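Asks: Handing you a structure now.
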C-alpha cells in the first residue's frame, strides 16, 4: 500500500476498516492504555480517539497493532512480502559483484531505486504551519499518555528523535521515550550505544560547553517511523530507506531554530537542545518486560519551540507485558531480519524471536548443520552480526527438521538432543538492556546458547538416535482410505 503521509495512511486504513474512530471521551491517563490493550489483544483495529477530555487534539494508538498493518506501513500487503524488504536490505548492506553482463543488467532496477532514495528538501512545510515559541511553549497542552498506575509522569512514547554528531553530514533517527518534566522540559531516555547517545557523546567531547541540538517528531509517516527501527545499512540514511518503502522520496524541511531536518508532513515537531551535564532521574515506568524499570539519570531535553500542522494528531502507544505494540513490530521485523542473516549465513533455515520473549531476548534458529560445532558458530553470529541482537540473552539452535516457531518441536529437540553440560554455552559480562533487572549489574550480564542439534562424530562418542518416521507407502495408503473409516 502506497501513501503520502500519516493522514493518508489513516484514511486508507479506515477505508479498509482497519482503523476505528472513538468519539466517546477516553482519558490519556490510564484509560487509553486499557482500551488500546484490549483491542490489540483481540487483533483489532488502529484507534483514533477524537474526544480527549481536557485536550483539543485527537490521539492515535495501535497504529502497528497487527502484523498486517506493519506490512502496510512498509508499503507491502502481507507479512510474506517483508522477506523481500529484507532481501533488499541484504543486497544494499553487502552487494554481490555482478557475475556477468546479464547479471549486471538485472541489478539495474535495484541501483535505480537506490539512486532515487535521496530525500527532497522543501520550505513552507506543513509541520511548521503553527509555531509556539518562548512562553507559548507548553508540553502539557499535548495529550501525553500516562500508561500505568505506577508511572511517575506522562510519557512520550513515539518520539522520533533526530540528531547529528560533530563533523557528520548524516542525521541519525531513533525512537526514545521522553518523560514530561515541565512545560518545556523532557527527559531523553536513550541507552549509551544508541545512535542519538553516541552523537551526544561525540558532541560533548568536541564542544564540552555548547548545547546539543535535537529535534523530536511526533506523528511522522509510518515508513519513516519503521525505517528508524529497521537495520538500515550504515551507508544509507533512514530517510532514504523510508522513501524506498513509501515509493517516493521523503520530504524534509529544516528546523526553524537549528540545522536539523524533520519530515515535512509531520504532525508535531519539538525543537530544542541538551545542555551538557544537565541530567535528571527518569522513571519508574512500566515497560515492555511487563515490569516497572528502575530509576536512572538521563539528559534533560529543553524544548525551545513547538511547530505543528493544522489540527494535529498526537501519535502514542503503551508498552507492557507482551503482546504489546513493540512485540507486534518485533514479529513483523523478524521477517526482515531473516534474509539479512541468511545472506551472511546461508545455512540458516529460519530465525524466530518469540513475542513472549519481550521481542528480542530469546531467539530460536534452525540450520542445515554441516560440521561439528556449527551450532556454536551460529550462536556467536546472532549475538554479533546485527546490533539489534546484542541484548538477546538466549539463543537456541536446532536442526532444520524442527519448526522454530513451534514450541512443541523446540522443546522436543532440547530435551532429546541436548546434554546440559556439553551443549550449553555461557558468556559472561556482555551488554544487556539496562531494563533487564535480572542481570547482576545494570547494562552488563550473561548470555546462554543452547545447542539442540543432533550431534556429529567429535561431539559425541555414542551412536546417535534415529528419529521415528512412518513408511511413506503406508502413510499414503492409509491417507487414501482414511475417509472410509468413519473417523474425524
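Each residue, glycine too, has its Cβ placed from N, Cα and C.
The annotation active site, proton donor is assigned in Swiss-Prot to 287 on the grounds of sequence analysis. What Swiss-Prot records for 172, 238 is Mn(2+) binding site, and it gives sequence analysis as the kind of evidence. According to Swiss-Prot, the feature prenylated FMN binding site maps to 175, 176, 177, 189, 190, 191, 194, 195, an assignment based on sequence analysis.
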Asks: To which of the binding-site residues 189, 194 does the lowest count of other Cβ atoms within 10 Å belong?
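Replies: Looking at the binding-site residues 189, 194, the Cβ with the fewest others within 10 Å is that of 194.
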Asks: Is it possible to get the count of other C-beta atoms within 10 angstroms of the C-beta of residue 177 (prenylated FMN binding site)?
Replies: 22
Asks: Show, in sequence order, which residues other than 175, 176, 177, 189, 190, 191, 194, 195 on the same chain lie with their Cβ within 8 Å of the centre of the Cβ atoms of the prenylated FMN site.
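Replies: In sequence order, the nearby non-listed residues are 161, 174, 188, 196, 197.
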Asks: So the record assigns 175, 176, 177, 189, 190, 191, 194, 195 to prenylated FMN. If I measure every Cα pair among those residues, what is the longest distance in angstrom, as a whole number?
Replies: 14
Asks: Taking each of 189, 190, 191, 287 in turn, which of these recorded positions have a Cα lying within 10 angstroms of the Cα of residue 172 (Mn(2+) binding site)?
Replies: none
Asks: Look up residue 190 (prenylated FMN binding site) in the DSSP assignment and reduce it to helix, strand or coil.
Replies: coil
Asks: Check each residue in the chain of residue 176 (prenylated FMN binding site) that is at least six apart in sequence and keep those whose C-beta is under 8 Å from its C-beta; list them in sequence order.
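Replies: In sequence order, 159, 161, 188, 189, 190, 194, 196 meet the Cβ cut-off.
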Asks: Using the structure shown, find which entry in 175, 191 (the binding-site residues) has the sparsest Cβ neighbourhood within 10 Å.
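Replies: Comparing Cβ neighbours within 10 Å for the binding-site residues 175, 191, 191 has the fewest.
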Asks: Within 10 angstroms of the C-beta of residue 195 (prenylated FMN binding site), what count of other C-beta atoms is obtained when all protein chains are considered?
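Replies: So the Cβ neighbour count for residue 195 (prenylated FMN binding site) comes to 22.
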